[in-house]
Amino acid sequence: MSFTIRTPCSSANLGPGFDVFGLALSLYLELQVSVSNSSSTLPLNCRITYEGEGAEDVSLDPEVNLITRVAVYVLRCHKKRSFPSETHVHIVNPIPLGRGLGSSGAAVVAGVALANEVGQLGLSRARMLDYCLMVERHPDNVAAALYGGFVGTYLRELEPADVERLEIPLAEVLPTPAGGKDTGLDPPQPPLDIGHYHKFKWAPEIKCVAIIPQFEVPTAKARDVLPKEYSAADVRFNQQRTALLPTALGESPPDPEFIYLAMQDRVHQPYRKGLIPGLTEILQSVTPKSHPGLLGICLSGAGPTILALATSNFEAIAEYLIAQFEKENIKCIWKLLEPAHDGTTVTQSTAPGNNPAVPLTYASAGVSIDAGNSLVQRIKPLVAATARPGADASIGGFGGTLDLSRAGYSSLPNLVGAIDGIGTKVKIAFAMDKHDTVGIDLVAMNVNDLVVQGAEPLMFLDYYACSRLNVDTATAFVKGVAEGCKESNCALVGGETAEMPGLYSEGEYDAGGCAIGAIAKNNPILPDTGSMSEGDVLIGLASSGAHSNGFSLIRKIIDNAKLGYQDDAPWDRGTTIGDSLLTPTRIYVKSLLQAVQRGVLKGMAHITGGGLTENIPRMLPKHLAAEVDASTYPVPEVFKWLKKAGDIDEEEFARVWNTGLGMVCVVAPEKVKEAREVLEGEGEVVYEVGRLINRNDEAESCVMKNMEVWR
Ligand SMILES: Nc1ncnc2c1ncn2[C@@H]1O[C@H](COP(=O)(O)OP(=O)(O)O)[C@@H](O)[C@H]1O
Ligand SMILES: N[C@@H](CCOP(=O)(O)O)C(=O)O
């Protein structure tokens, strides 16, 4: 087996965000790894070769080298004392050491990734971050190197018991083991979720000029010069700028004055000037006015590198700053770098399992039982939070159970089942790398189908299928499912995660789900078509957008308009197209069950695929048709834009999307007032949108009036 791990360097702090902001940059530490099947007499079963920065100084002894020591630490947390098979690690390192470009952060992340691969540990990226933070206890560099892009990070407060744990180094880089080369003990696994990150937007025009002085400042030393306490004024100064910087750096085109101001710092740079001759003067020597193209300037990490953000004139800015350092007799090189958006990547050079020397395992075929187990651990609390009377929502059994009597059904009820998927809305989740809302859609599509029959949803089961299981993504997905279940008061009693290499595209997944509900013995199963008559009123409940239907057409329209999901939504300037389209489907369970209990509804239609015209007739008897007046309710801006941009005609519009109504219900005229009161009391926005009319055999079952208002 051979593979390559690539980890970007990073610039931390970006001025005011000390220990918070990290930016991954396009200079990569590379580990070219080959694993043979034999064990050897090599220390730790590992041989290191090295080229690039630090080649003279960096130890090739795997017990001393930072990358392999980190890997062995992670392996030992998994009861593997050394590299499982003879491993050759060739390190190619273009990142200058001790210059404030996160060389140690990259080494730590690469070490954790190395252990994950050779030990086939199946660690998620979030879990890898925990291991990184056991070694380098500031999350800015490691989160940027691991996840890529411009990140904001924070550490969870550890429990006192965790802080007391002796194996937590709480140091810049892993210290020498206290008990000699090998203390003989397997370290316990790190606490869960030590650190977190959020990826911010980065305006594509902004590039980074790194001025790299030819001397080192060890990060540990640069942290020792910092004060233990700060004045309230300085803390306030940095907080104000830290709050603004992500917005300033995400705006396109960038505003130089805004960025320059937002990059000022009073928490670390002033104290580090003793280690970097001329630092304060150099930082103050350039402004957007004196050097057009410049946006902002700061110390990179703990220094001594200076990072200048700019949109043009890179060379002139670099030459000027190098000349300033020369006044202090300091030589510099400079590099023009760009954000590295992907973070750490692992590329297999030989397909796992193709090397006849290496025995085949399920993991080498692409299915990681460890990743599956790790997912189960992560989702347990999410699932448990959906417990309801009769179902404890614990996972691990072969099937999910529900005690109907404890759920409030003393005599045998009618059971109702529904099954559905999310459709291609998941494609938007992939594009936005945002996976915690489509689970809500999945539950909504099912429970909304149940409730229109008058059923109370009780249980839900989901099916998540992918090519390679990404535990972070799958956990976010289940979080959404659990949220949908809580909103509809049904227990998530089980599910299935299928990792099927080769079946789906890399990084993508599909999901389906099934809801089971009950209708108490003496309650009606709706629609009650026998009670419907001409003149009954149609009331519509506002939708939250496209819900989970018509996304193949939506994606085509966005594509034809040459727009990307990260672009500002033309229908809502405050958000991106992707975020707006990911708005979860509205769940109508609680409000509609209230109305059913009050006996004010004769029937309900969930407006899903097929829009108004196909779905409303599903609740009607043959002799009645729905007459819907398009002028009686507002069409959401997203639909107006889609209709116009796609040049969709009115009939098609009403057949594909909900057009603004997620539910349409039949109500006797004398019950309309009461129905409105109940539904509005539960937070619904209600419109009277039409009535039932008599219908001949040949006539349409849903007649749309006044569709010209949509033009
Ligand atoms: N590729 C690497 N291989 C081994 N050790 C490394 C590597 N990169 C960094 N280190 C270790 O990290 C130290 C630098 O870390 P640090 O002082 O935090 O500076 P930086 O700002 O470059 O992260 C180096 O002196 C070396 O001990
Ligand atoms: N927030 C840390 C960042 C150190 O970054 P490095 O690249 O110098 O290791 C600090 O400022 O100390």
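Note that Cβ sites are derived from N, Cα and C of the backbone, with glycine treated the same way.
Bear in mind that the values here come from a model prediction, so they are computed numbers and not experimental data.
Copied from TrEMBL, the annotated features are:
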DOMAIN    65-149  domain 'GHMP kinase N-terminal'
DOMAIN    263-326  domain 'GHMP kinase C-terminal'
DOMAIN    415-518  domain 'PurM-like N-terminal'
DOMAIN    534-698  domain 'PurM-like C-terminal'
With DSSP as the yardstick, break the domain 'GHMP kinase C-terminal' (263-326) down into helix, strand and coil residue counts. 23 helix, 11 strand, 30 coil
Tell me, roughly as an integer, the mean pLDDT over the domain 'GHMP kinase N-terminal' (65-149). 94
Residues in the domain 'PurM-like N-terminal' (415-518) grouped by DSSP into helix, strand and remaining coil: 39 helix, 37 strand, 28 coil
